[in-house]
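What TrEMBL says about this one:
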| type | residues | note |
| --- | --- | --- |
| DOMAIN | 45-269 | domain 'Serine aminopeptidase S33' |
| ACT_SITE | Ser129 | active site, charge relay system |
| ACT_SITE | Asp265 | active site, charge relay system |
| ACT_SITE | His301 | active site, charge relay system |
Amino acid sequence: MLLASLASEPDKHGSFWDHRQRIKTSNNDFFHVDYKYHSRDGTTSSKGLVVIVHGLQSNSNSSLSVDMGRAYIRQGFDCACINFRGCSGVPNAGLRAYHLGFTDDLKQYLSLLNSGVEKPPPIFVSGFSLGANVVLKAWGELGMSAYEDYNVYGAAVCGAPFENERNVNCVQKAGFNKLVYNGSLLKSLKTTALNQLERYPDSEEAQLLCYDEIANSEEISAFENAVIAPLFGFEDNIDYYRKTDCVQFLDRIRVPTIVINAADDPFFDPNFFPFDKGCTSKEGREKRSAVRLVRTKYGGHLGYMFHQREDDTREQEGRDEVSFMPGELSRFIQHVWERRTSLMKR
């Protein structure tokens, strides 16, 4: 069974995933990876492994992660979902967790998948929202190394936050946006950060933070100034946005990648989309690029993740339903896999 030897802990945090693996990091922290197998009993081999990278304050058991997992399992792949540090239901062992451009854990995990394996499986990666930014930035950093050293054949992401220096104004806009980001998400971020600060008050990391500044943060940008910037070495939230923005890494991506965003995403600047970075221009002209950028008219921020097709009969057939966007992403991965298989037969 693909990767069975890596998944050492039964998943006790949800009914979808089969196993959980705890991976220790170089700074004595850890993160969890949850696995779902195409064939639980090992009777049918899979086409490869799809690694899912979730969004801000999400995890492997979110509806989005599970729906994406179902889509890839249906296409014949095994799945793994990386839980960012502190997101798996178990507090991490330090104050540094993750951010928009934190690619360390993804790269470590990919390296682990390829270490000591004579013939590693084809690896594909899929992410949404913050996770999409992490994936695109990682592929840009790695270039051809993503394929040559990590055995990554393709990626499919949605809700990628291009140009966060622009987007921060949308996120903090009064009304629904501010309610979501500066309400529930900010509350969750602050609670996690303050709990960790109380757990490790004497650590070197704790000396970089101010409890009151975190507690009094009323906007995401203020939290990023109070926590993300000092912990990860950014000057401030603007420096953080500029250095982690995935747009600047798109030209360096060398593995087939699709990015699907919605024009009506309330959290993103509607006047910006990097069509010039993809293989098809805004006018429809084809050019050389490993990245296909797609912008749908509607969909909101991942809203179409839950939309069913009008001709969908799976409910009547008693099968797990897969929403529109996970289905689209999984079809792209299937296409890349078929193309790879075809080339290998020549």
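Backbone N, Cα and C atoms are what each Cβ position is placed from, and that goes for glycine too.
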| Around His301 (active site, charge relay system), how many other CB atoms lie within 10 A of its CB? | 22
| field | Integer Cα-Cα distance in angstrom, Ser129 (active site, charge relay system) to Asp265 (active site, charge relay system) | value | 11
| query | How many whole Å apart are the CA atoms of His301 (active site, charge relay system) and Asp265 (active site, charge relay system)? | reply | 5
| List, in sequence order, the same-chain residues at least six positions removed whose CB sits under 8 Å from that of Asp265 (active site, charge relay system)? | Gly159, Gly299, Gly300, His301
